[in-house]
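As recorded in Swiss-Prot:
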type	residues	note
REGION	1-80	region 'Disordered'
COMPBIAS	1-54	compositional bias 'Low complexity'
MOD_RES	T13	phosphothreonine
MOD_RES	T32	phosphothreonine
COMPBIAS	67-77	compositional bias 'Pro residues'
DOMAIN	108-386	domain 'Protein kinase'
MOD_RES	S190	phosphoserine
ACT_SITE	D240	active site, proton acceptor
MOD_RES	T280	phosphothreonine
MOD_RES	S405	phosphoserine
MOD_RES	S419	phosphoserine
REGION	429-496	region 'Disordered'
COMPBIAS	432-450	compositional bias 'Acidic residues'
COMPBIAS	466-479	compositional bias 'Gly residues'
Amino acid sequence: MSSSNLAGNTNTTTTSSAASAAAAHSAANASTITSEYSTTQTTTGTFNTDTLSSIGSTSTLHGSQPSQPPPPPPPQVSSPIAAAAAASAALVAQLNPADRWPTEPSAYKLDESIGVGATATVFTAYCLPRNEKVAIKCINLEKCQTSVDELSHEIQAMSQCNHPNVVSYYTSFIAQEELWVVMRLLNCGSMLDILKRKVKAIGKEQAQFGVLDEVSIATVLREVLKGLEYFHLNGQIHRDIKAGNILLADDGTIQIADFGVSGWLASSGGDLSRQKVRHTFVGTPCWMAPEVMEQVQGYDFKADIWSLGILAIELATGTAPYHKYPPMKVLMLTLQNDPPTLETNAERKDQYKAYGKSFKTLIRDCLQKDPAKRPTASELLKYSFFKKGKDKKYLVHTLIENLASVPVVAHHSSKKVASGKLRKDAHGNWEFEYDSPQESDDDSDLEDEEREKKKKKASASASGAGAAGAAGGATGGAASGAPSAQEGGGATTPCPETLNMVLRVRNQQRELNDIKFDYTKSADTVEGIAHELVTAELIDCHDLVIVAANLQKLIDFAESKSDRRSITFALNSGVHANEIPDERTLTGFAQISLLD
């Protein structure tokens with residue numbers, strides 16, 4: 001918000017030792033996910049359960065009695081933290097001592113953050129006993145809101161993931177309220193890093209005609225498809241295929257960043273129902289398949305094939321289609337327009353003429369709006385385009401050695417995007433009316449500085465409100481316990497250009513918070529304000545759209561001189577376990593009001 005005074009906070013749980021600094025760092029950088037170790041929604045689904053041994057299971061010889069008494073049943077665990085601890089301990093116990101990685105937080109020294117999401121942060125780290133660098137994903141289990149059974153099953157399934165094109169899982173353990181997942185760290189970064197360095201090496205003028213050549217693209221995509229084939233044959237969906245999640249090792253190995261748990265926790269037993277896949281709306285949906293956006297009938301592994309098609313465009317042009325637009329506009333463009341092509345990013349005719357028919361055919365087939373018409377990973381590997389692919393040595397030469405002198409480009413927490421407004425169409429549906437997209441990232445450093453200033457503003461305290469004070473919102477009038485006007489508000493009339501508002505919503509600790517902010521018509525957008533609330537962790541990421549829509553409703557009421565001063569609405573994030581939605585107490589609901 002350009003001129004808003006955002007106030008409010010959420011209670012945070014302090015972690016010990018290195019995790020404390022890590023958690024603080026992640027909270028300050030939770031706006032978007034652009035790093036190579038993306039932490040929003042990665043792999044979902046499970047392996048075929050026939051190949052997995054469940055925790056605490058018993059075994060007998062066929063046709064005979066067991067040779068030894070069966071082990072006692074596993075202890076009953078009643079929280080995600082206890083479940084994660086039990087599952088992780090069971091996995092470690094199955095390993096030979098020589099293969100075991102340390103499972104104490106003190107054995108690792110966390111370094112820089114390389115990926116930030118709504119419920120987790122990925123760090124580079126140093127394993128002291130093994131004298132080895134690793135990647136550690138720190139997942140806040142309280143925010144995951146997953147069941148005990150899901151957590152136990154998915155940690156075990158993740159440990160069984162073993163493929164040369166998937167990042168290796170080492171171990172996992174509990175550190176305070178967090179689950180730490182230790183994985184291999186690939187030291188050459190992601191394909192997003194490579195794209196940025198390539199653009200810097202050849203210059204923006206040359207890069208506008210294509211960033212990577214077809215041979216490099218074919219080699220990279222072939223390895224990605226091998227990893228996806230492995231996922232899909234084992235009943236998994238990755239859901240976050242993009243350049244930032246495709247990693248490169250110094251020997252030319254391509255691996256998919258599979259940080260498992262935050263994505264695995266989003267579904268259970270292959271259940272791809274609407275309720276289980278809501279989490280896909282975290283982050284910019286440039287790579288998201290239409291059926292995932294619609295959230296009507298669920299989706300299957302063909303969603304990854306769509307993302308692969310977007311990845312192909314990204315590797316060629318340097319960016320995904322619609323990357324300059326706000327998330328809501330990306331949703332609209334993807335759903336309403338024809339599928340993107342290589343020319344979607346073009347600004348002139350024949351801009352990408354260097355790319356041939358076989359490459360464009362691959363993109364076209366991947367980006368079929370009907371999932372049934374998209375080929376499988378196994379079928380794609382037979383496409384003629386991949387005959388152009390080379391071996392790992394080629395990638396070492398073209399993507400590592402040739403770019404060795406180019407400095408690594410720092411990741412910004414988010415790109416500058418176009419502004420716009422939510423408007424209601426003739427049928428009463430909400431649509432995003434955008435201004436013009438940004439043409440350059442040259443101001444990104446200034447943007448980051450401005451963002452830091454806004455984050456400091458957002459650290460102002462929120463006032464805790466009693467449950468009884470939430471009554472009255474259902475009628476649409478001012479609630480009897482509605483937040484009081486700011487001091488001095490009765491003496492002066494605020495500028496008509498600016499509206500003072502307050503959002504009353506429960507935090508993760510289920511306490512009612514009043515989050516005060518202002519809306520300036522000439523400077524703010526409702527989508528931008530909602531995004532800032534998510535960034536400051538004042539509202540759940542799943543509530544971004546619904547908060548923006550109701551904020552626009554209230555603004556419309558104010559502009560029409562309506563007497564209505566408050567709106568109560570249901571939240572997409574729902575309620576916690578053992579809670580019942582209650583509009584009166586704002587359990588599963590929120591209330592937005594105008595201040596006098």
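Easy rule for this one: first residue shown is 1, then count along the chain.
Each Cβ is built from the backbone N, Cα and C atoms, and glycine gets one as well.
Across all of the domain 'Protein kinase' (108-386), the predicted model scores a mean pLDDT of 84. A distance of 17 Å separates the Cα atom of S405 (phosphoserine) from that of S190 (phosphoserine). Across the modified residues listed here (S190, S405), the residue whose Cβ sits among the most other Cβ atoms within 10 Å is S190. Cβ neighbour count for D240 (active site, proton acceptor) (all protein chains, 10 Å cutoff from its Cβ): 28. In this structure the C-alpha atoms belonging to S190 (phosphoserine) and the residue listed as 'active site, proton acceptor' are separated by 14 Å.
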